[in-house]
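Written out below as structure tokens is the structure these notes cover.
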Amino acid sequence: LKFRLAGYPRKHNEGRVEVFYNDEWGTICDDDFTLPNAHVLCRHLGFVAATGWAHSAKYGQGVGRIWLDNVNCAGSEKSIADCKHRGWGNSDCSHEEDAGVICKDERIPGFKDSNVIEVRKLLVRVGSRCCPGSCRASCREPCHGAALPWGSPARPWCSPNSWEAASLPAPWQAPMQGGHGHLGRLRGRASGLLSPRRLFTERQQLSYRLHSVSCAGTEVHLSMCSFEFYRGNASGACGAGMPAVVSCVAGPLFATGSAQKKKQRQQQQGQQQIRLKGGAKIGEGRVEVLKGSEWGTVCDDRWNLLSASVVCRELGFGSAKEALTGARMGQGTGPIHMTEVQCLGTEKSLWSCPFRNITQEDCKHAEDAAVRCNIPYMGYENLIRLSGGRSRFEGRVEVAVGAGDGDGPRWGLVCGEGWGTLEAMVACRQLGLGFANHGLQETWYWDASNVTEMVLSGVKCAGHEMSLSHCQHHGASLSCRNTGTRFAAGVICSETASDLLLHAPLVQETAYIEDRPLHMLYCAAEENCLSSSARRANWPYGHRRLLRFSSQIHNNGRADFRPKAGRHSWVWHECH
């Protein structure tokens, strides 16, 4: 069984319930409908529970069959099919009685919704030994053991002379962590990045599975293009063509060469009209757009993979992997600039897509749209690891340098001197573990590894880098005052983090000057809230001139904000 929410107008967590049964979508009648029914249906849809339900086709009348009537659930059932009902397709209702649900806006952890591409439908990879960052080689070849819908191993597909750029979702994205900036070149039968002679030398028995692949270029995944299968014995297929060969060009963030990368990033930021905020990893976050001189968010009404892919490509990534709703990447602040964005997929910018301007009652920041984009697989996470921690999110940082014994790399420690939050942010990002809670300069309590050699020192990061190797460091000339393992750098990472934002307009609106007598400022003096010259004042006589204001600090992140110091070290002051 498959389920979806439909109808209009509605939010992402409510709507008319439609069920896919016997190869046909249909609705559910509202006769005898109860809240326990809604609980079961909301869990089907990936929400933790229901807060209400709707009768009499509140979200509009559906079409097709009315699959269920007189549904009676206790609320604990795993499937609506386990509830009592009149039988599939047995109903005396009309679509004027279509039932709807309102689900609690909290997702079941790990649930994959319909705005997520299931990449196991079609696994393809570009080349067997892809040069990180550039990926300029070679024939599409088998993903050994990969499961395709038809149950056979993945195979290359035929590239006749008619193969063209539109036959790749533009810009090309490989499902296995692909997502390069744009398509570089396509090579036909006579001239490839690997010569036909070499192709057939390396792959004597090429077995083809697909041919006549035809894409419009707007698809978010290759499985959404039209193509044909070779039936039966595929070894003699593709007589008029060759294996398809592509060349991908990485987006600006992944460009090789530091000078080129810096120049491209500056060009991109100089004309940036869109950005991602609140995401733990590269290529994910809450969508924010620039209107006038003010950044604002996008409402998630009608937000889908096509619109999300326009965002991803505009930022130099591949197509979208997920179109997230319900402020899954945290709530923004300020205006909401767009709602009901409906891109075709061909647009170069989100502003080129049809959308509706927001009105005050339309959306709240609890409905901010977000994306997860496909990005090139760079292999950075294979060059770093943690050891000794209580969980996989913490430990002493170990980095790979050069070749070790056997086939594996040589691992070493990072000097903790100067190691801080910015460096920890890069390490956690490279590990794929999200945000940095702490960057630790001493890790004697994590001494559980046989790696004892210090190999990296003077690490200084800006915070945006994708790998520690991209940060400044001493290189081969190691310089670390304390080279013992207890002084090796460590991190504590977290999938979520707080994000504090000062409400600046309130400070401006409430600021004023006050002359306050010194005898009323003893507590302020004890807490070092007065300037240093107050120590020389003639206490308790005289006064101090103070700037007073009100303030509000909002936490827009997805985790609670807690003091860095544990409560065992808090001091209870008699002034409070």
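Cβ atoms here come from the backbone N, Cα and C positions, even for glycine.
Among Cys225, Cys363, Cys373, the cysteine that TrEMBL records as disulfide-bonded to Cys299 is Cys363. Sequence-distant contacts of Cys103 (disulfide bond), defined by Cβ-Cβ distance under 8 angstroms and a gap of at least six in the same chain, are Asn13, Glu14, Ala38, Cys42, Leu45, Phe47, Ala49, Ala50, Thr51.
Using a 10 Å Cα-Cα cut-off from Cys363 (disulfide bond), none of the disulfide-bonded residues among Cys29, Cys73, Cys83, Cys461 qualify.
The Cβ neighbour count for Cys42 (disulfide bond), using a 10 Å radius and every protein chain shown, is 26. With respect to their backbone Cα atoms, Cys83 (disulfide bond) and Cys353 (disulfide bond) stand 43 Å from each other. Cys29 (disulfide bond) and Cys73 (disulfide bond) have their C-alpha atoms 14 Å apart, to the nearest angstrom. There are 21 other Cβ atoms within 10 Å of the Cβ belonging to Cys73 (disulfide bond).
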